[in-house]
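The feature domain 'RNase H type-2' is assigned by TrEMBL to 9-168. Per TrEMBL, divalent metal cation binding site is recorded for Asp15, Glu16, Asp123.
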Amino acid sequence: VPQICKDEPCQLGIDEAGRGPVLGPMVYGIAYAPLTKKQLLVDIGCADSKSLTEEERDTIFDKICENRENMGYIVEAISPNIIANSMYRRSKTSLNEVSMSSAIGLIKRAMEAGAKITEVYVDTVGKPEKYQARLKSIFPDIGKIVVAKKADSTYPIVSAASICAKVA
């Protein structure tokens, strides 16, 4: 975690890649940066990753890595085997629940590593209200939690997370 992310209040975005494919992992990504660096995300091109070409995503990911003194990211790949086992065992776990558990774990990892997270933006999985209420109950000290459809096209920090999930 960059020192600036330990010292200054930060925003954190969450998105996933690979939910659609039948084969291959689902990758969850978070990106975090100080609130004072919102314009940096726009300047390096963080935009809805679905509207970007593969080359554009690669270039933006390189810029994210070049700015590691100002921001950080974590990705987690969830194998098809884990997804299938979760959904088919006796006490079934839905894909949305697997996704939510990954997102919660990634937020915890960033915070435990020292990131001073005060705002969280999530591209929705399931019903935004239910997901948002659950996150607020788990992370009561985070002042602002927004769960929204198409958050990756609205919040540059979620776009950064989406790009990291797709490229890293």
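Each residue, glycine too, has its Cβ placed from N, Cα and C.
Nobody curates TrEMBL annotations by hand; they come from automatic prediction.
For Asp123 (divalent metal cation binding site), other Cβ atoms within 10 Å of its Cβ number 25. Summarising model confidence by region, the domain 'RNase H type-2' (9-168) averages a pLDDT of 92. Looking only at the binding-site residues Asp15, Glu16, the densest Cβ neighbourhood within 10 Å occurs at Asp15.
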